[in-house]
């Protein structure tokens with residue numbers, strides 16, 4: 001019965017997002033966001049073992065409900081001024097709508113709820129929050145563009161996403177700050193090209209799915225669990241290490257491809273300042289991935305010569321292996337296809 005209800009809520013979650021992105025009015029988009037929100041709350045409360053789940057779902061509900069109420073207020077104001085042929089407060093309304101959508105997506109400086117909510121979720125729900133839940137707000141943000149405010153948001157998202165992950169011991173919080181950093185890159189891609197942010201989002205979702213599948217499979221939530229070398233196969237650790245580097249955007253992995261496209265686009269548009277800032281701040285995220293990976297492999301390596309058999313599941317699923325292969329060798333394969341063609 002529980003599985004059936006979860007499937008219904010998941011279908012409603014997808015339906016809510018589709019209503020938002022296919023709507024031709026702001027009110028219809030708001031309704032889609034509300035359906036999406038009310039479908040995700042029961043899915044968040046699915047894991048009763050984690051004590052933080054109820055707290056996370058309450059934080060998520062309050063933040064999203066607050067954003068929705070302001071969004072509805074801004075939409076009503078916009079319609080009122082438009083019907084009365086008043087251009088007064090038009091820019092203020094746009095700013096208000098954009099701020100609420102950024103709050104819904106978890107971009108800086110409206111990011112405060114995102115790492116805290118992520119900490120209380122299971123890996124699958126966390127993946128939904130990092131990927132699917134961003135589609136509707138980002139689609140609406142692309143309709144409502146304010147250049148100066150966008151620049152501030154992009155720089156702050158990259159800065160907070162980079163610095164916030166430095167002192168974390170929880171993998172879920174690290175993934176949350178990584179998501180904030182990637183969100184900055186998506187907004188940067190959105191500035192010049194309508195399709196580019198969608199390509200970035202698809203590749204980011206693929207990489208996130210690949211690494212979250214592994215974390216979920218081995219029930220990894222904190223760094224010290226990865227450090228325990230006697231419990232884990234070194235090959236599995238290597239896959240986690242390479243996936244983290246791919247997510248950080250290190251060539252020659254697939255994670256570098258969306259960043260490469262954005263960099264190329266920014267160079268073409270001659271926006272060198274924001275490009276330099278973005279690349280420098282992304283190097284910090286790559287640093288904490290490398291620091292984690294280096295300590296796992298080099299500093300903490302120990303292997304028992306006794307008790308070789310344990311109950312820990314060291315095997316990767318077939319799905320996980322496919323996604324790992326795409327994540328690690330995707331860019332090389334695409335380059336080879338491009339050369340051949």
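Glycine is treated like the rest: Cβ placed from N, Cα and C.
The transmembrane segment annotation in TrEMBL covers 12-41 (among others).
As annotated by TrEMBL, domain 'NADH:quinone oxidoreductase/Mrp antiporter transmembrane' applies to 23-285.
According to TrEMBL, the feature transmembrane segment maps to 61-83 (among others).
What TrEMBL lists as transmembrane segment is 95-114 (among others).
What TrEMBL records for 145-167 (among others) is transmembrane segment.
Beyond the transmembrane segment (174-191), the same-chain residues lying 6 or more positions past its ends with a Cβ under 8 Å from any Cβ of the stretch are 105-108, 111, 114-115, 118-119, 126, 130, 134, 138, 141-142, 145, 147, 150, 153-158, 160-162, 164-165, 168, 197, 199-201, 204, 208, 211-212, 247-248, 258-259, 261-262, 265-266, 274, 278, 281-282, 285, 288, 292. TrEMBL lists 174-191 (among others) with the feature transmembrane segment.
Among the features that TrEMBL reports, transmembrane segment is placed at 197-215 (among others).
Taken from TrEMBL, the feature transmembrane segment applies to 235-257 (among others).
Annotation source TrEMBL lists transmembrane segment at 269-290 (among others).
Per TrEMBL, the feature domain 'NADH dehydrogenase subunit 2 C-terminal' maps to 286-338. Per-residue confidence over the domain 'NADH dehydrogenase subunit 2 C-terminal' (286-338) averages out at a pLDDT of 70.
The transmembrane segment annotation in TrEMBL covers 316-340 (among others). Beyond the ends of the transmembrane segment (316-340), by six or more residues, the same chain brings 206-207, 209-211, 213-214, 217, 236, 239, 242-243, 246, 251-257 to within a C-beta distance below 8 angstroms of the stretch.
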Problem - Contact between the transmembrane segment (145-167) and the transmembrane segment (12-41) (at least 3 Cβ pairs under 8 Å, separation 6+) - result: no
Handout entry: Interface-richest range of 12-41, 61-83, 197-215, 235-257, 269-290 toward the transmembrane segment (95-114), CB pairs under 8 Å
Key = 61-83
Practice task
Would you mind listing the long-range same-chain contacts of the transmembrane segment (61-83), meaning Cβ under 8 Å and 6+ residues beyond its ends?
Solution key: 26-27, 30, 33-34, 37, 41, 89-90, 93, 96-97, 99-101, 103-104, 113, 117
Problem - Range from 12-41, 197-215, 235-257 with most C-beta pairs under 8 A to the transmembrane segment (269-290) - result: 235-257
Exercise for the section: With a Cβ cut-off under 8 Å, give me the same-chain residues at least six positions beyond the ends of the transmembrane segment (197-215) that come close to it. Expected result: 123-124, 126-127, 130-131, 134-135, 138, 142, 171, 175, 179, 182, 185-187, 189-190, 221, 236, 239-240, 243-244, 246-247, 254-255, 257-258, 261-262, 316-317, 319-320, 323-324, 326-327
Exercise for the section: Using a Cβ cut-off of under 8 Å, list the residues of the same chain at least 6 residues beyond the transmembrane segment (235-257) that approach it. Expected result: 178, 203, 206-208, 210-211, 214, 218, 226, 229, 282, 285-286, 289-290, 292-293, 296-297, 314, 316, 324, 326-332, 334
